[in-house]
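Going by Swiss-Prot, these are the annotated features:
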- 29-411: domain 'Helicase ATP-binding' (DOMAIN)
- G42, V43, T44, G45, S46, G47, K48, T49: ATP binding site (BINDING)
- 95-118: motif 'Beta-hairpin' (MOTIF)
- 428-590: domain 'Helicase C-terminal' (DOMAIN)
- 609-644: domain 'UVR' (DOMAIN)
Amino acid sequence: MSSPDFKLKAEFKPKGSQLEAIAGLVKDLEKNPEKSKQTLLGVTGSGKTFTIANVIEKVQKPTLVIAHNKTLAAQLYNEFKEFFPENRVEYFVSYYDYYQPESYIPQKDQYIEKDAQINPKIEQMRLRATSAILSRRDVIIVASVSCIYGLGNPELFKEMGFELKVGEKIKRSDIIEKLVDIQYERNDMELVPGRFRVKGDTLDIIPGYQDDILRVEMFGDEIDRIYELDPKNMSKKHEIDSFYMYPAKHFVIPEEDKKNAINSILKELDEWLPNLDMLKSHRLKQKTLYDIEMIEETGSCKGIENYSRHFENRKEGEPAYCLLDYFPEDFLIVIDESHQTIPQIRGMYKGDRSRKQSLIDYGFRLPSAYDNRPLKFEEFKKYMNNVIFVSATPGEYELDNSNQVVEQIIRPTGLLDPEVEIRPIENQVEDIIKETEKMVEKGERVLITTLTKRLAEELTEYLAKRNVKARYLHSDIDTIERTEIIRNLRLGKFDCLVGINLLREGLDIPEVGFVGILDADKEGFLRNDKSLIQTIGRAARNANSKVVLYAGKMTDSIKKAVSETERRRKLQKEHNEKHNITPQTIVKPIREKVVDISDVKHIPVADIPNVIVELEAEMYEAAEALEFEKAIKIRDTIAKLKKKIK
């Protein structure tokens, strides 16, 4: 598999702790090419992604970067794309816009059918990722934990593809047959990824994993020319000699395998039915035979993934193929925010199995449905030959299983970890109001973390009554609206943002001059030492920022968090003095508006009348500009707000 080398493009060079971190990580990867496990302990804002990009360039290994949610995966994907414009950087997350898994609730005798809405763009990006890693080595795939779920056999995916070559003797009808075999659909009217059309001696195909049209021109029974067209204007982009056509879907099954799978399903059904009572037995038999009929007639059925063990000829208990199987053996895994991602990977299998158990026990699924599952953590570990755990607060697993912990404490900007103060829990709200007033005078913002959603709402309402412009973030707000709220905070449309655990990873706002942690002495998940250090890190983008922990007593978590912050701050200060560096607040451009806010739950009641006035002006402006859809959307938002104050 020949491919270009990774070439890192950046306007800046490694600085601060980055040089030592890069050298340390590369050294272990070269010294232990088959068992390199390392932790990059990098403080917030130290440029951990840039460090990893440098490591990838130096070791030249195909790389899988795993993040614990789609938002972080998207951020990392965009950063790596900027660093490696000449190489393949791909994105692999769950392709469901909406997903309701199949389940059965025995207590209510309620069966819930699977309901899902697939995002075609993300499905295309997933196909692009797998076709890239099977074709070349200069590939970085940024993924969510979706990468440990079943994906189809990579060998079969590659084998069932075929090459189109200029000068090749082949009938047009044979090309069409091959395309249909690998899930391409003929449609002479509308051409989208995964479809093809035929006109005379010309075939236009859009591979499932790209946007450009591939035009194949025949001369009799020979391929005369192949070139790529821009689908927008049909202009010719470039001519090519050959093209390898991968399937349009990840799950492709040869006809012979389909027959064997059906026989295997029927055999399992016969063996399992005696274990069920009459009602459950009848239900399962009826459902399974209907599914088989659909597979024979159409090639698929609802919930076909539950029969994947039979189609892939796996033994009972064997894991399904997943994205990790598409990589070559020497690939590098980077686990971002590992203190969050590792526990998430650990928990996936158990959650899936408990849901399937009631479906199997009550005759809705065969026991082989258990084997349509994510990897167990023990199975995932087998892929971790070369792994870098990345976190400001690595967990016990990472620290216990690393050859070394490489620290990245010094920021390229010279910024120090913020000063941390402990203040009494009494009058914490009044103290926050005073601090917010000080920050407003300085043109800076405030972040407050509470322990519950209700407390966040009540505090936001109270702050609004005290003339503090405040909003809160909650788990019901989707990614785009969350981005918009953060954008408005940065623009100064309000001064104080209240949240729960949403204020930890991935919220980097340079304008924040004060972070207040309420009830810091309540030991638990949101107030353990790792969570406190992550929250303190939200203030590490501003040279003058400070953090206050409101506590009635000094817990072990507070002691550890404060001690670690002071240790880092001391090292950073010494480095700055030695190299005559003055810390500079990060200057980060504010992105253009993404979308109008349609979720109104985060707006305090006291602020609603003013928001309505602003929105009405925006609605009339949109209507005058003939943007009727936008005007309707704003009108609906105003209606929601008016209901809230009735």
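Just so it is clear, glycine is given a Cβ too, placed from its N, Cα and C backbone atoms.
Known features from Swiss-Prot, placed on the structure.
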| residue | record | Cβ within 10 Å |
| --- | --- | --- |
| G42 | ATP binding site | 24 |
| V43 | ATP binding site | 28 |
| T44 | ATP binding site | 22 |
| G45 | ATP binding site | 19 |
| S46 | ATP binding site | 28 |
| G47 | ATP binding site | 22 |
| K48 | ATP binding site | 23 |
| T49 | ATP binding site | 19 |
Within 8 Å of the Cβ centroid of the ATP site residues G42, V43, T44, G45, S46, G47, K48, T49, which other residues of the same chain have their Cβ?
T51, A392, Q408, R411
Overall pLDDT for the domain 'UVR' (609-644), taken as the rounded mean:
75
When secondary structure is assigned with DSSP, how many helix, strand and coil residues does the motif 'Beta-hairpin' (95-118) contain?
3 helix, 15 strand, 6 coil
What three-state secondary structure does DSSP assign to K48 (ATP binding site)?
helix
G42 (ATP binding site): secondary structure state under DSSP, collapsed to three categories:
strand
